[in-house]
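According to Swiss-Prot, the features are:
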BINDING   G9, A10, G11, L12, A13, G14  FAD binding site
Amino acid sequence: MPENVTVIGAGLAGSEATWQLAKRGIHVDLYEMRPKKETPAHETGEFAELVCTNSMRSNQLSNAVGLLKEEMRHLDSLIMKAADMTQVPAGGALAVDRDSFSKYVTDTLKGMDNVTVHEEEIVKIPEDGITIIATGPLTSDALAKQIQAFSGTDSLHFFDAAAPIIAADSIDMDIVYKKSRYDRGEAAYLNCPMSKEQYEKFANELIKAETAQLHGFENSDVFEGCMPIEVMAARGAKTMLFGPLKPVGLEDPHTGETPYAVVQLRQDNAAASMYNIVGFQTHLKFGEQKRVFSMIPGLENARFVRYGKMHRNTYMASPNVLTASYEAKNRPGLFFAGQMTGVEGYVESAGSGLVAGINAAREALGKETVAFPKNTALGSMANYVTTTSAKHFQPMNASFALLPALEGKKIRKKRERHEKISERGLASLDAFKTEVLD
């Protein structure tokens, strides 16, 4: 009979790991401290709660995270199944109804006979047995100290932020218009057009706005992919125009012209009663968010369902600690998964949980752990977090830069080249699944 496995943390990585274990017949003891003990960012006790955006980014195979998603679908990922079941309109991206998404994951795992859920905090790394630690970037202090001592290095960190969510019925639809950039796919976003004068006034007030105090925060500590909008604005007068306020491909049907700047709103739930402000992660004080963001055309009377906020994310110096199976080098049977390993992003975190879960299951069944092929997105992420120089280690999203170049004549068109890399990755994964995993 296979050994039981303990999974600590029911976020994206822990939930995916639990699913991969349980569907292989392994009994899982899943520990989650919420809702009994809260974190600075979570609001519910549900599994796989999305604390920042509701977007899982591109769904296209010309994008590395699109490849990662498709690889996970090929391996029967619970997180991808939940995302596909609860998606909301978002053009070429995959966005979800965050409440329905978490409920799907929670109900699925709690409904499995070989998953026992324990609502309690774990404060020590278990000394024996097969364990996956997937407690995320908001790991409780007691366990974080244990992990720091185990890894033999100081915890590394960066700051992450969430964007505000506003009520749909408070948006002025006489000003705002529905459109996706370059009219790709369905018209999935609401767009708030700005003139040059409106943009400059907004940018000026944004830079002057008062931020919430957060211990240890420095502007240099932010993750580039989730930068607070006020930090971006302070980098230069036009910086936002090349980021979330980029107007290209978003002509205003009211005027037939491209606005100077455009703020986009993305549907946040299936009922379309809430929208988040795309790219507006922030740590402004709540009153300042209301004052400054209400300067956006169409949001003058916006009702804020949730204000944006920032939290500290910690991660390990994984190259010193982990193998490509996410198993600890000096402690067989102990695995780590999720953002604490240095992968960055919802899908990347779930992907690491998938790899760790499959390998923990193999160990429980008396098989050898395996490294995924480096020409797959899953394998390239594992390779990055375990072989990069620990001295310069930083969190990383899925990227084609992590994958080996194609052999033969170079394909000049980037989209076509990336699609070929994805095609190669999926073929490699399917062969690996047949020859090694099945």
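The count begins at 1 with the first shown residue.
Here the Cβ of each residue, glycine as well, is placed from N, Cα and C on the backbone.
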| field | Around the Cβ of G11 (FAD binding site), the count of other Cβ atoms that are within 10 Å | value | 30
| field | For the FAD site built from G9, A10, G11, L12, A13, G14, further residues of that chain with CB within 8 A of the site's CB center | value | V7, S15, E16, A17, E32, F47, A48, A134, T135, G136, A337, G338, S349, G353
| query | With every protein chain in view, how many other Cβ atoms are within 10 Å of the Cβ of A10 (FAD binding site)? | reply | 31
